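Visitor: Before anything else, here's the structure in question.
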Amino acid sequence: TCMAMVGKRRLLSTGSQENQYNLIKDRYDGCQIIMGNLEITQIESNWDFSFLKTIREVTGYILIAMNHFEEIPLGQLRVIRGNSLYERRFALSVFFNYPKDGSSGLRQLGLANLTEILQGGVQIINNKYLNYGPWIFWQDIIRDSSAPIAIRLNGDKGQCWDLTKTVCAPQCSGRCFGTSPRDCCHTECAAGCKGPLDVDCFACRLFNDSGACVPHCPQNLIYNKQTFQMETNPNAKYQYGSICVSQCPTHFVVDGSSCVSVCPPGKMEVVREGHRQCELCSGLCPKVCEGTGAEHRQTVDSSNIDSFINCTKIQGSLHFLVTGILGDAFKKIPPLDAKKLEVFHTVREITDILNIQSWPKELNDLSVFSSLTTIQGRSLYKRFSLMVMHIPTLTSLGLRSLQEISDGSVYISQNVKLCYHHTVNWTQLFRGRSVRVNNLSNNKPRAECVAEGHVCDLLCSDSGCWGPGPDQCVSCRNYSRGGTCVSSCNFYAGSVFTSTFLMLRCVACHQECKPQHGKPSCTGPVSSYNYTRTFWPSDLISTLASIWLFSHP
């Protein structure tokens, strides 16, 4: 099995004739099944294509166009699946295979064993010397009777091969190996057969399971009629193209019962017991985006702001400079709309530094980074990984989720209205053994902040806060509920919250728990912890997992 060349090459040249030929040969030499499309275009010499003789199946389409060779040796090809179609219509497209000047060109398709095109039609046009192929009774090969067949401007009529469908008895649903009603191929066959069984097929309509054609691969779960339960199937297999395999190839990912090249939207790739698989994302799926600081991308500005949509991790740094916020007349970049900065609400991690030297005057905090948990500081500016300077409208930082500064110190200076930063216990955010020396100078004096009431909420712990209110605490004095500090979880007032035994956090009871007045509504976050139900030990793992997740938002 071979993967087709990635991307929509179609009629694009890939360099010299020799390079193009070698690219095709290296990719398809020895292949029997091509996962994707087979495209052979713009080959102007009679190169040796005998390596294509082993191909029995193409899952996408075949495109043969603008070549000068005389024959394409696909004599073993049985089926074209047409999972993708050329121009969204054709499973086989052959055109303009001769030079403008000269008497050479494509004369034979060599598709003597092609007996099934499962989806899509056929296009064979403008092949001046092609005598074999255009005159085939294609309706016998194409499964979809409504698929287009475009045959014109080719060579003289040649001799054709036998039929495999239109000669079958009416009782046959598809192909046959004789004219008798008893000579029908199995319903899972494609391209014909040599007998009536599912192991007699020349190719499979859907899936090949160790030589037998089946409608689907053995599923992961099977029903036990004795226990009336679904159980793990020891003989389960995964769908890999049209083949059932016991393990996905190393460069593929398991998604349910299938082998996929990438996880679909809403899922992310994880490694479980040494195997890569797709799992549903908890919230927004991780998305890594390029940061700023390079010559072509010096600052966040109106020309690149949309590239940060749905980013969860910034690979590199984020710089906010005057030329980004106010615009760059020299580069014809307009000012940045402050509302556009909302895209950073999804960012949870920055691998290098966060450098803010300019900020929209409409904003008085950095709350667009309210989800930011980690600044790694892999590459520092001098010794700093967090810098906020010369922002005259800034009154608080608003970095309510920041939990770690892996390396580097903090530089917060020349922000004349800024308060709260001096309350933060920065030491507990730092990781590693390196000595950190912060510069928190020339901001609003602490005494003035206190006199004006710019102090932490009473529900905040001594670790400080990022701004006003109980949702800006670095940590809570009592309990945390949904990211906001509270005095209690209201165990006895009918509230459906409880505290975990690992962290002082209020965790919602399961939705099936009935609120109890005068007593706790539950003792844990799963349904079996309702006092009206029985505690099942099997829920313990789920409980611990839920508690861990709530403790690591």
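Heads up, the Cβ atoms here are built off N, Cα and C, so glycines get one too.
Feature table excerpt (TrEMBL):
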DOMAIN    30-139  domain 'Receptor L-domain'
DOMAIN    157-290  domain 'Furin-like cysteine-rich'
DOMAIN    310-429  domain 'Receptor L-domain'
DOMAIN    455-526  domain 'Growth factor receptor'
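I would like each feature placed in context: is it buried or exposed, what are its neighbours, and how far apart are things?
Guide: Residue counts for the domain 'Furin-like cysteine-rich' (157-290) under DSSP (helix as H, G, I; strand as E, B; rest coil) come to 3 helix, 52 strand, 79 coil.
Secondary structure of the domain 'Receptor L-domain' (310-429) per DSSP (helix as H, G, I; strand as E, B; remaining residues coil): 23 helix, 30 strand, 67 coil.
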Visitor: Please list the DSSP helix, strand and coil residue counts for the domain 'Receptor L-domain' (30-139).
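Guide: Split into helix, strand and coil, the domain 'Receptor L-domain' (30-139) gives 7 helix, 33 strand, 70 coil.
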